[in-house]
Amino acid sequence: MRAYVIGNVAIDETISVSSFPQAGASLLGREQSRDLGGKGANQSVVCGRCGLPTTLIAAVGEGFRSRMIQDQLAREPIESELIRLSGVASDFSIVFTTPDGENAIVTTTEAAESLTLDAVLRTLSKARPGDIAVLQGNLSEAVTRGILKTAREKALVTAFNPSPLRSYFPDLWPDVDLAFLNKGEAQSLTGTDGEAAARKLLAEGVRQVVLTAGGEGATLADRTGFVSVPAFPATVLDTTGAGDTFMAVAIASSALRGCDLDERALRHASAASALTVGRCGTRSAFPTEQELAGILAD
Ligand code: ATP
């Protein structure tokens, strides 16, 4: 089984600030890290470090950031199918972090939104029934819809993380097998939260729903009922990538055991995310292959 993560790749420029900037304000900050990021890259790197065969399909543009992206991806245990675009800058994020570990992120998506369906399908043509297509919200609407439709035709399992939020996401649920949402996403997309939000998504056709709630833990919902797991204790330094770590480890844990998402997969994901929130940066904060092997063996 292989995971095909189709999404964005970016360089995260993380700046620590004492509080988030308000309109019209000039703030002093300190560069904290410059690291590989982007939700697609994050999820693929963590899946690959778990030992699940993983392919990242993403677009890179021109400039020094595209070289950084290629260098950093080359050090990861994944296959990178990078579509090189000319006349477009590689995507990047400005991440503000405050001393309590909260973050606010602005991401450019010019490269991600220029990715064409044809380019994605050239690589996805290698996928076999039962492989997993993992998607987030950074691609164009047409490409996101086209990938989900193709994944259905090819009998792939589809996993979707509706972030960043887009207005068309509620149409997609019938083509989504596994949905991962944080509290804000659940509220925006269903008008409610907790178990009520999960029930709405299950009624729309999602097979398994995972709701994450930061330090309060996470809940899995499917036709057999609800299972909640607590967050693992952590000293929070920077929550960037916590949700991506959680989703990738939950998927890899169940895929490597040949089963659906279950309580054990959520426990593995919680343990891994607690490591991510305790470290600064994005890729450099993710659990290592050795750490993940220990977590997944439990
Ligand atoms: P982000 O956007 O910061 O990557 P998210 O908003 O998508 O994350 P969250 O629900 O904040 O997702 O966090 C995902 C998981 O990370 C949680 O379910 C939990 O397991 C872990 N986590 C997040 N915050 C904490 C914390 N303060 N302590 C321990 N674990 C945490």
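Including glycine, each Cβ sits where the backbone N, Cα and C put it.
Proximity of Asp244 (active site, proton acceptor) to non-local residues of its own chain (separation of 6 or more, Cβ distance below 8 Å) is seen for Lys39, Asn42, Gln43, Val46, Asn161, given in sequence order. Taken from TrEMBL, the feature active site, proton acceptor applies to Asp244.
Taken residue by residue with DSSP, Ala10 (substrate binding site) is part of a strand. If you draw a 10 Å sphere around the CB of Ala10 (substrate binding site), it holds 30 other CB atoms from the protein chains shown. Taken from TrEMBL, the feature substrate binding site applies to Ala10, Ile11, Asp12, Gly38, Lys39, Gly40, Ala41, Asn42, Asp244.
Taking a C-beta cut-off of under 8 Å and a sequence gap of six or more, Gly215 (ATP binding site) has these contacts in its own chain: Ala231, Ala234, Val236. Sequence annotations record features per position, and here TrEMBL assigns ATP binding site to Asn182, Thr212, Ala213, Gly214, Gly215, Glu216, Gly217, Gly243, Asp244.
According to TrEMBL, the feature K(+) binding site maps to Asp238, Thr240, Thr276, Arg279, Gly281. Taking the Cβ of Gly281 (K(+) binding site) as centre and 10 Å as the limit, one finds 22 other Cβ atoms among all the protein chains shown.
Residues annotated as domain 'Carbohydrate kinase PfkB' in TrEMBL: 6-288.
The record gives Asp238, Thr240, Thr276, Arg279, Gly281 for K(+). Within 8 Å of the mean position of their Cβ atoms, the other Cβ atoms in that chain belong to Leu237, Thr239, Gly241, Ala242, Val277, Gly278, Cys280, Thr282, Ser284, Ala285, Phe286. For the pair Asp238 (K(+) binding site) and Asp12 (substrate binding site), the C-alpha distance works out to 13 angstrom. Each of the binding-site residues Ala41, Ala213 was scored by other CB atoms within 10 A of its CB, and the lowest score goes to Ala213.
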